Amino acid sequence: MAQSSPQQVGPSSSGATLAEMDKLLTDEEVERLIDASLAARLNAYCPYSKFQVGAALLTKDGSTITGCNVENISYGLTVCAERTAVCRAVAEGQRKFRAIAITAEMGNRFVGPCGACRQTLVEFGLDWEVYLATPDKRYMKTTVAKLIPDSFSPEWVTLGERQEG
């Protein structure tokens with residue numbers, strides 16, 4: 001049974017992800033974002049893994065855009081919830097994000113984005129927040145920068161142009 005309000009917790013038990021307790025969103029914004037990711041999770045197409053994941057992006061203008069994982073029998077063609085949400089946002093003209101909530105059922109653990117999703121998030125900045133949540137609304141807050149330190153970002157592409165000129 002889901003809790004009535006989100007509960008923030010500290011770092012993962014494995015210590016793999018650095019959690020932060022300070023957040024830029026209000027408690028109400030976090031709750032709405034987690035609720036949206038939970039709702040998106042219900043739409044997941046995952047006949048092979050049965051592993052439902054939902055994501056909800058909060059854009060700079062306050063819009064919420066959701067995504068869910070969409071599996072394919074050819075596993076390499078599977079699209080994760082995070083990338084689905086980012087692609088939907090871009091298709092709607094959104095490029096600036098404040099936060100993303102990612103929800104999956106992993107017992108007492110939080111599911112973090114895969115490497116491809118982390119790199120996709122980096123494409124749109126390092127300074128936005130990531131809320132890893134469970135269906136009972138426990139969550140751990142981190143940032144894109146902490147999920148992929150020393151990331152390959154768009155700045156790297158223009159770095160060579162600046163050095164040559």
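Glycine too: its Cβ is placed from the backbone N, Cα and C atoms.
Predicted automatically and left uncurated, TrEMBL annotations should be read as such.
What TrEMBL records for 28-155 is domain 'CMP/dCMP-type deaminase'. The substrate binding site feature in TrEMBL is assigned to Asn69, Val70, Glu71, Asn72, Ile73, Ser74, Tyr75. The feature Zn(2+) binding site is assigned by TrEMBL to Cys80, Cys114, Cys117. Taken from TrEMBL, the feature active site, proton donor covers Glu82.
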Those binding-site residues listed as Cys114, Cys117, and which of them has the most Cβ atoms within 10 Å of its own Cβ: Cys117
Residue among binding-site residues Asn69, Val70, Asn72, Ile73 with Cα closest to the Cα of Cys80 (Zn(2+) binding site): Asn69
Shell list (Zn(2+); ref centroid = CB of Cys80, Cys114, Cys117; cutoff 8 A): Ala81, Glu82, Arg83, Pro113, Gly115, Ala116, Arg118, Thr120
When distances run from the Cα of Asn69 (substrate binding site) to each of the recorded positions Glu82, Cys114, Cys117, the nearest one: Glu82
Cα within 10 Å of Cys117 (Zn(2+) binding site) - qualifying binding-site residues among Val70, Glu71, Asn72, Ile73, Ser74, Tyr75: none
Residue among binding-site residues Asn69, Asn72, Ser74 with least C-beta crowding, 10 angstrom cut-off: Ser74
Residue among binding-site residues Val70, Ile73, Cys80 with least C-beta crowding, 10 angstrom cut-off: Ile73
Shortest C-alpha distance to the residue listed as 'active site, proton donor' - which of the binding-site residues Glu71, Asn72, Ile73, Tyr75: Glu71
Candidate with sparsest Cβ neighbourhood (10 Å radius) among Glu71, Glu82, the listed recorded positions: Glu71
Additional residues around substrate, ordered along the sequence, whose Cβ is within 8 Å of the centroid of Asn69, Val70, Glu71, Asn72, Ile73, Ser74, Tyr75: Tyr45, Tyr48, Leu77, Thr78, Val79
For Tyr75 (substrate binding site), nearby residues of its own chain (Cβ under 8 Å, 6 or more apart in sequence): Tyr48
Rounded distance in angstrom between the Cα atoms of Glu71 (substrate binding site) and Cys114 (Zn(2+) binding site): 14
Ile73 (substrate binding site) to Cys114 (Zn(2+) binding site) - Cα separation in whole Å: 19
